[in-house]
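One structure is given here, and the rest of the page talks about it.
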Amino acid sequence: MSNLVALVPLVIFLALALAVSLVVRHRAHAAGGGFVKEYFIGNRALGGFVLAMTTIATYGSVSSFVGGPGQAWLVGWGWVYMAVVQVTALVLLYGILGKKMALVSRKLDAVTVIDVIRARYSSNALANVSAVVVVLFFAATMVAQFVGGAKLFEAVTGYSYLVGLVLFGVAVVLFTTIGGFRGVAVTDAICGVAMLIGIFVLAAGILAAGGGYENIMDTIRTNRPEMLEPFGGGSMPASLYFTQWLLVGIFTFVLPQSAVRCMGFKNTKALHGAMIMGTVIIGLMMIGVTSLGVLSAGVLTGDLASYGGSVDNIIPQAIAQTLPPWLAGVAIIGPIAASISTVSSLLIASSSAIIKDVYLHHCESSGKKPTERTIARSSQAVTLCVGAIVFVLAIVPPDVIWKINMFAFGGLETAFFWVLVCGLFWKRAGKWGALLSMTGGTASYCLCMALGFKVMGLHQIVIGITVAGALMMAGSLFGRRDAADEQRMCEVFFPE
Amino acid sequence: MGDPSIRSYCGKMRQANKEARATVIALACIIVVWLVGGFGLAGSDIQVFHTPLWIIGGCVAPWIAAIVAAVVLSRRVFVDFDLDDDAAISGAACEEVARHE
């Protein structure tokens, strides 16, 4: 179906995103203020709606739109029951980290999560390790997002993988470079709306093709009754529910790309509004899109082999089979928006880690003072370069989207959970604990993932978090600490 | 703006701790709704719109619970205050807040 009509909605959408980032840049330029604070944290000016949307769009990735619903097609409603745990994400993020990150980052004039970590633990080594972890995992995730988006594009439009990648890959790298954090936040909001529209359009297509909701449910009951059981006839064991609660529910609030959003909002009203709005929208999105996977079983009634043997083909098939070309073109904006909104946020965060946390810090400690102009130039150059590298990596795609994404997800959670939570809420937490927790926890998580080693059949996140927590305890209780550092830290983090 | 007892940096940080604790309690409530609404209703034969009851209890009820939690937290528990540090109010005010509590 190599059809030009299917491209029009996507091209319009990408042009809109580019135009918006240009406007945002122009306005920010006119408003003045320091470049770093504007480019990497948008002068802490996010309102409630944009804050909610940028958090959701960053969190909702192409795997929420393709891999997840594909699994739901295979497993049934149990997969939706598991996906619903994601509705807690924004309550936890804003409720636990929101105000503390906002207060602390204003006090420290911090622009990145790593700034906060450096100040909390008085450790440059920890800050550097954090920067490496962030850039490494973010890069892997970005590649996976590009690959997922381009594969979907190829499957639905009939144009080649490369055409898709060039189209939205170039757009996202450009608008992130141009717009900075504020541009990313605003385009994220547009992406979020596009994701919702994509879900509604596809829902209409599937429901119409399947003869209505009740009819589809009857078809499923006849063909695959196990899809209506919470354990999915054995494919959804209780242990999976438990670890998914940890992996995509409870621990998500420490992901640095989420936590940084708590440093960018305008006032407490924005935060409170975002918490309510965001919880409504994230539920609509995650429950909606995953349910569509299940419902497509009423339309795509063959076995997995007849759809190319991969659950990643289910949603593209559902789009192509149930919608006319121009509507299919609207529907693919959803997953592609999910892909680019995740990439843009990770890209600006990677760039901030390299420029702010490594380069500018190095300048500061060696007494150099780069001009505002140099900083502006190099920040944009780094954003562009990282984007270009990721883009090139995505041309020859690695295989499993879902796995790579999940690897990075758990890795980041292991690295940052105790470091952030103890950093903000446990006064005794010290630099040795944090260093050991981040390095030891992440290393053990990755090693167990790579070897496929599990305890009691539970996902490796359990091992990672346990090891990281134990190391944080041990290192903090026994590690040496500097009294002067301690006092400076307490004034900001634990005032009395 | 907001509660006058939360003007010092230290008072705001203390309030943030309180809000974080309340959030954890809210999480526990959502988990209970999820468990009861899904696994708890899995044995029921009742169907609504050709859908087994546990699907509605497990996939929709936790979402509603999370929305309710967000509304209750932000309206009843969370307090509006100025995020920028008010340098005029120093450590003295902080002790005052401590006594006030």
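Here the Cβ of each residue, glycine as well, is placed from N, Cα and C on the backbone.
TrEMBL annotations: computationally assigned, not manually curated.
As recorded in TrEMBL, the features of this protein are as follows:
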type: TRANSMEM; residues: A:6-24; note: transmembrane segment
type: TRANSMEM; residues: A:45-66; note: transmembrane segment
type: TRANSMEM; residues: A:78-97; note: transmembrane segment
type: TRANSMEM; residues: A:125-147; note: transmembrane segment
type: TRANSMEM; residues: A:159-181; note: transmembrane segment
type: TRANSMEM; residues: A:193-213; note: transmembrane segment
type: TRANSMEM; residues: A:233-255; note: transmembrane segment
type: TRANSMEM; residues: A:276-300; note: transmembrane segment
type: TRANSMEM; residues: A:326-355; note: transmembrane segment
type: TRANSMEM; residues: A:375-396; note: transmembrane segment
type: TRANSMEM; residues: A:402-426; note: transmembrane segment
type: TRANSMEM; residues: A:433-453; note: transmembrane segment
Discussion item. Using a cut-off of under 8 Å between C-beta atoms, tell me which stretch among A:6-24, A:78-97, A:193-213, A:233-255, A:326-355 contacts the transmembrane segment (A:402-426) the most.
Written reply: A:233-255
Worksheet, complete the sentence: Note: vs the transmembrane segment (A:276-300), the recorded stretch with the largest number of Cβ pairs under 8 Å from A:45-66, A:78-97, A:326-355, A:375-396 is A:78-97
Worksheet entry | Stretch of maximal Cβ-Cβ contact with the transmembrane segment (A:6-24) [cut-off: under 8 Å; candidates A:45-66, A:78-97, A:193-213, A:326-355, A:433-453] | A:326-355
Response to the item:
Sequence-distant residues near the transmembrane segment (A:45-66) by C-beta distance (under 8 Å, 6 or more away from its ends) are 86, 89-90, 93, 141, 144-145, 148-149, 151-152, 182, 184-186, 188-189, 191-193, 195, 198, 252, 255, 257-258, 261, 264-266, 269-275, 277-278, 281-282, 285-286, 289-290, 312, 315-316, 334-339, 341-342, 345-346, 401-402, 405-406
Worksheet item: Is it true that the transmembrane segment (A:78-97) and the transmembrane segment (A:159-181) have 3 or more Cβ pairs under 8 Å, skipping pairs fewer than 6 apart in sequence?
Response: no
Discussion item. Are there residues at least six beyond either end of the transmembrane segment (A:326-355) with Cβ under 8 Å to its Cβ atoms? List them, or say none.
Written reply: 1, 5-10, 13, 17, 36, 40, 54, 57-62, 64-66, 111-112, 114, 130-131, 134-135, 138-139, 141-142, 145-146, 148-149, 152-153, 156-157, 168, 171-173, 175-176, 180-181, 184, 187-188, 190-192, 194-199, 201-202, 205, 256-257, 260, 289, 315, 319-320, 375, 378-379, 382-383, 386-387, 390
Response to the item:
The recorded stretch from A:125-147, A:233-255, A:375-396, A:433-453 sharing the largest number of CB pairs under 8 A with the transmembrane segment (A:159-181) is A:375-396
Worksheet item: Which listed stretch (A:125-147, A:233-255, A:375-396) has the most C-beta pairs under 8 A with the transmembrane segment (A:433-453)?
Response: A:125-147
Worksheet item: Can you name the far-off residues of the same chain, 6+ from the ends of the transmembrane segment (A:125-147), with a Cβ under 8 Å from a Cβ of it?
Response: 61-63, 113-114, 117-118, 165, 169, 256-257, 339-340, 342-343, 346-347, 349-350, 353-354, 357-358, 361, 386, 389-391, 393-394, 397-398, 401, 404-405, 407-409, 411-412, 415-416, 419, 431, 434-435, 438-439, 442
